[in-house]
Amino acid sequence: MPAELIEKYFPNLTEQQIEQFSKLEELYGEWNEKINVISRKDMDSLYEKHILHSLGIAKVMEFAPNTKVLDIGTGGGFPGIPLAILFPHSHFTLIDSIGKKITVVKEVSQAIGLKNVTAVHGRAENLKEKFHFVVSRAVTQMPVFLRWLKGKFEKEQFNPKHNGVLYLKGGDLSEELAGMKAEIFELNKFFDSEFFETKKVVYLSKGNFNS
Ligand SMILES: C[S@@+](CC[C@H](N)C(=O)[O-])C[C@H]1O[C@@H](n2cnc3c(N)ncnc32)[C@H](O)[C@@H]1O
């Protein structure tokens, strides 16, 4: 079962979490027939390239209960849905500017019984809510992304150890992150596969953006 790949790296999953991860293959397979949410060539490696990749964030940050997390440009639900399965006591708001992708997020979340996901159709820069963390994967260049974060963090709740941005990136980041105080975590330290050789989690705490 492909969900075994997830158990290999996250051995403390509950039965419910294992079932939820297991169901994703069929659900995304069905949705991909109707709407192209995941590139078709990647469907065979859904668990590695999308689910485990999304969970790279969980190797860097363990979200405490009641943490509010925003996933900007979630597409079909990455990294938000895998993280919401892994952290059932945190709340995840998944936003995308394309309505049909948000339909997929809503349907998949409902089908696996996720109670901690809110799916929003809209542009991230227009969202007025406040969060503790922002996560994202493959949406835009960091300087643009940082502008979208204005007003997204509660000032009085801001604690640099417990708030910030976790961004999944590939390739060379030196130019994009020039002048920023970023911590970079190489995912091949956590996951044993060629796919992760160039993949990283960029962690930005306050000081890099106008909260
Ligand atoms: C390349 S896809 C990545 C989707 C997903 N994060 C993933 O890794 O599979 C980028 C997504 O960002 C969304 N997007 C782009 N600009 C946005 C904005 N300003 N607000 C919300 N979503 C946006 C697009 O609609 C698209 O679904």
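Our numbering is plain: 1 for the first residue shown, then up by one each step along the chain.
Cβ coordinates come from backbone N, Cα and C, glycine included.
Curation does not apply to TrEMBL; its annotations are automatic.
Since the structure is predicted, the reported quantities are computational estimates derived from the model, not experimental observations.
The following features are taken from TrEMBL:
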type    : residues                             : note
BINDING : GLY73, PHE78, ALA124, GLU125, ARG137 : S-adenosyl-L-methionine binding site
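Its own atom aside, the Cβ of GLU125 (S-adenosyl-L-methionine binding site) has 15 Cβ atoms within 10 angstroms in the protein chains shown. When secondary structure is read from DSSP and collapsed to three states, ARG137 (S-adenosyl-L-methionine binding site) falls in the strand class.
In the three-state DSSP scheme, GLU125 (S-adenosyl-L-methionine binding site) falls into the helix class.
Those residues noted as binding S-adenosyl-L-methionine (GLY73, PHE78, ALA124, GLU125, ARG137) have their most widely separated CA atoms at a distance of 19 Å. Listed in sequence order, the residues of the same chain lying 6 or more apart from ALA124 (S-adenosyl-L-methionine binding site) and placing their CB within less than 8 Å of its CB are LEU70, ILE72, GLY73, ILE95, SER97, TRP148. Within 10 Å of the C-beta atom of PHE78 (S-adenosyl-L-methionine binding site) sit 27 other C-beta atoms, taking all shown protein chains into account.
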